[in-house]
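Annotated features in TrEMBL:
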| type | residues | note |
| --- | --- | --- |
| TRANSMEM | 21-41 | transmembrane segment |
| DOMAIN | 23-514 | domain 'K+ potassium transporter integral membrane' |
| TRANSMEM | 61-82 | transmembrane segment |
| TRANSMEM | 146-169 | transmembrane segment |
| TRANSMEM | 189-208 | transmembrane segment |
| TRANSMEM | 215-237 | transmembrane segment |
| TRANSMEM | 294-316 | transmembrane segment |
| TRANSMEM | 337-357 | transmembrane segment |
| TRANSMEM | 389-409 | transmembrane segment |
| TRANSMEM | 421-440 | transmembrane segment |
| TRANSMEM | 446-464 | transmembrane segment |
| TRANSMEM | 476-495 | transmembrane segment |
| DOMAIN | 527-764 | domain 'K+ potassium transporter C-terminal' |
| REGION | 650-672 | region 'Disordered' |
| COMPBIAS | 659-672 | compositional bias 'Polar residues' |
Amino acid sequence: MDAESGRGAANARKKSWRSELVLAYQSLGVVYGDVATSPLYVYRSAFAGGDIEHSEGNEEIYGVLSLVFWTLTLITLLKYVLIVLRADDDGEGGTFALYSLICRRVRTGLLPGGAGDDLKEQRDGAAPPPASSVRAALQQRRDLQWLLLLFALLGTSMVIGDGVLTPAVSVFSAVSGLKLSMVNEQHQYVLLPVTCVILVGLFALQHFGTHRVGFLFAPIVCLWLLCISTIGVYNIIHWNPHIYKALSPYYVYRFLQKTQTGGWMSLGGILLCVTGSEAMYADLGHFSQSSIKIAFTTVVYPSLILAYMGQAAYISRHHSFERNHHIGFYISVPEKIRWPVLGIAILAAVVGSQAVITGTFSVIKQCCSLNCFPRVKIVHTSSTVHGQIYIPEINWILMILCLAVTIGFRDTKHMANAQGLAVITVMIVTTCLMSLVIVLCWNKNLVFALAFLLFFGAIEAVYFSASLVKFHEGAWVPIILSFIFLMVMCIWHYGTTKKYEFDVENKVSISWLLNLGPSLGIVRVRGIGLIHTELVSGIPAIFSHFVTNLPAFHQVLVFLCIKSDSVPHVQPEERFLVGRIGLKQYRLYRVVVRYGYRDVQQDNLEFEKALVSSIAEFIRSGDADQNGHPDGSDSPYERLSIISKGLPFQEDGEVEGSPESSAPKETNQKLVSSKSKRVKFVLPENAQINSEVRSELQELTEAREAGMSFIMGRSYMKAKSGSSLIKRISINFIYEFLTRNSRSPAYAANVPHVSTLEVGMVCQV
């Protein structure tokens with residue numbers, strides 16, 4: 001048996017490694033498309049500004065190669081692959097993953113609706129984090145919390161800006177190979193139209209989803225990496241076998257000593273060799289740490305180094321360029337294979353752009369889930385692969401902005417300057433948040449966090465200054481774009497927070513509701529009424545409007561609260577929390593439904609079934625006092641029971657003309673049934689339920705048969721008289737404009753429009 005168990009363990013290890021290798025192969029097409037196409041424009045961008053000249057001594061090209069090598073090694077390999085990838089939030093990566101990690105460990109956060117920040121600690125049974133000066137400062141100072149949120153939103157807005165710039169730079173650089181294949185300056189009439197056509201086609205195909213063409217991605221990137229590494233080896237052997245000496249950091253010193261200010265300004269172009277590093281971390285949730293590390297260290301990193309060395313080897317033996325900005329990738333490609341390489345490069349650029357666009361969709365979905373971005377339509381293009389989504393509004397906005405940048409600049413110099421500033425800003429945000437994670441989440445000494453911040457922060461600060469100085473040469477684009485997106489996110493967050501505070505201040509007390517009696521002072525009609533609210537306690541103000549103005553209400557009322565917690569995923573057994581309001585004869589329930597910021601919300605039919613099943617299980621198992629959080633607990637969900645598994649039920653079709661359907665009938669001792677549709681709850685074996693519980697389940701089945709109605713509040717935000725001018729503009733105009741042009745809460749909750757009733761309210765904030 002020991003031998004058999006040993007073989008079983010060996011087979012498991014083989015299967016595990018086989019799975020990791022498959023994931024590593026798949027990650028090539030999703031994660032590394034952007035960084036793999038960087039050789040198309042790095043050298044061209046470094047020499048494009050005229051800040052440095054390519055001389056006979058080759059100090060410039062050797063220095064640029066050395067800088068590219070050490071930038072790739074220190075930032076991408078050391079920082080991201082070896083350190084940052086370890087800071088995953090339940091397997092997820094990205095700026096919001098770092099922010100949610102910090103907020104959860106500090107037990108504080110500014111995201112509205114994030115009442116479940118401690119969910120992961122409850123799930124994992126983690127002990128309270130030890131006290132520290134950094135944690136205490138973040139808990140006590142509101143301004144530091146706002147600064148942390150603003151920093152996270154800044155990084156997110158720059159990621160969106162990168163989603164605009166990367167397709168333009170990648171595709172334009174790939175198509176620029178036509179310059180060397182056409183004569184008489186004909187390329188100037190072809191280059192821009194071809195780029196625009198490819199970009200339009202790229203964005204037009206987004207609605208099909210990456211899962212339909214995903215099988216092509218990895219082979220294309222593999223072919224591209226094989227192509228550039230083979231060309232690199234050929235150029236090294238044929239032109240300059242001693243180019244490896246330029247990898248020494250000594251040539252960085254020689255380069256900066258000779259070029260001085262010009263060399264510093266060229267860093268903005270050299271920086272482009274690490275574009276896509278942030279995407280590697282952001283796409284962590286689709287793969288695993290080991291698979292991404294294997295793919296980068298064994299395939300991507302060596303191929304890129306060989307490609308850059310090969311280009312430098314060719315350029316070091318050719319000095320008769322008309323202008324320095326003609327130094328590019330295609331000039332080092334042997335003339336006989338330029339056309340095939342051009343085709344592969346365009347395909348690789350499209351793949352790289354696809355990955356960045358998909359990443360932008362994922363980031364915006366996270367912002368929407370945490371109420372930091374206006375509600376948009378989110379289409380899940382794959383039923384099996386999580387994270388493959390399509391957002392129509394954002395897709396067409398990105399396409400228009402991308403075409404505007406391409407047509408406006410018409411060269412890679414300005415577009416590369418813009419992309420460089422966006423990339424380095426995201427990296428600086430990641431470095432700062434990561435230093436907090438080292439102290440707060442990894443519980444390391446403050447010295448380690450400061451060392452990480454100072455080492456990588458100093459390198460990135462130099463690159464940031466070199467990119468920022470080119471503000472008038474294209475770097476203003478990501479600043480303008482990020483300012484617009486940041487303003488939208490901040491105003492939406494501010495308005496949503498104020499609306500939530502208004503709801504809390506104006507909520508109706510439960511005692512007032514209970515004084516109305518079981519009938520609530522009105523006629524109760526058949527059916528289930530779902531009252532959507534952001535509150536996890538108390539009665540929303542819209543309910544008092546109904547009680548005082550409408551003559552009837554449903555026999556079963558459910559106060560439904562959908563919360564997005566600052567964790568990536570909520571387990572299905574932790575999703576529904578159910579409680580009772582008042583006595584049993586009132587038939588009033590409160591249900592809190594929790595989703596992670598990367599969870600896919602159920603469609604309305606599945607959601608209704610899960611909701612009714614959870615309420616039925618709550619009725620069968622007992623009250624919240626016995627099953628959930630006790631009174632006076634610190635949990636935000638007081639007096640609610642976590643329903644790990646709902647009571648299953650069967651819902652048959654209508655039985656017309658059957659005399660049995662006109663009266664309630666029990667078809668089995670283990671079934672509680674109703675008339676017409678025969679909604680039956682399947683009770684566990686040996687379940688002992690009393691007549692009161694059976695009657696309540698019977699009434700729930702009758703209400704489910706009659707159907708559900710969704711009552712949504714429609715708030716019109718107005719700033720109070722005497723408010724500042726900035727607040728009046730933000731609330732009365734910008735927030736209201738965003739509210740009118742975004743999806744309604746009914747859409748976000750997958751609520752069918754035919755069953756929806758909206759109640760308008762004016763909120764003075």
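Start at 1 and count along the chain as shown; that gives each residue its number.
Placement of Cβ uses the backbone N, Cα and C atoms for every residue, glycine included.
Nobody curates TrEMBL annotations by hand; they come from automatic prediction.
With a cut-off of 8 Å on Cβ pairs spaced 6 or more residues apart, the transmembrane segment (21-41) and the transmembrane segment (215-237) reach 3 or more such pairs and are scored as touching. For the domain 'K+ potassium transporter C-terminal' (527-764), the predicted model reports an average pLDDT of 72. Taking pairs at least six residues apart, the transmembrane segment (189-208) and the transmembrane segment (294-316) share fewer than three Cβ pairs below 8 Å and do not count as touching. Below 8 A, the CB atoms of the transmembrane segment (421-440) and the transmembrane segment (146-169) form 3+ pairs separated by six or more positions in the chain.
The list of residues near the transmembrane segment (294-316) in space but at least 6 beyond its ends in sequence, with Cβ under 8 angstroms from a Cβ of it, reads 20-21, 24-25, 27-28, 31-32, 35-36, 38-39, 42-43, 54, 58, 61-62, 64-65, 68-69, 72, 76-77, 81, 222, 225-226, 228-229, 231-236, 238-241, 243-244, 246-247, 273, 280, 327, 329, 331-332. Contact between the transmembrane segment (446-464) and the transmembrane segment (215-237) is absent: fewer than three CB pairs lie under 8 Å, with pairs separated by 6 or more positions in sequence. When Cβ-Cβ distances below 8 Å are used as the criterion, the transmembrane segment (215-237) is approached by residues 25-30, 32-33, 36-37, 39, 243-244, 299-300, 302-304, 306-311, 313-314, 332-334, 341, 344-345, 347-348, 351, 354-355 of the same chain, each at least six residues removed from its ends. Using a Cβ-Cβ cut-off under 8 Å and counting only residues 6 or more beyond its ends in the same chain, the transmembrane segment (337-357) has close neighbours at 29-31, 33-37, 40, 162-163, 166-167, 170-171, 173-175, 177-178, 180-181, 198, 202-203, 206, 210, 216-217, 220-221, 223-224, 227, 231, 276, 279, 283, 329-330, 395, 398.
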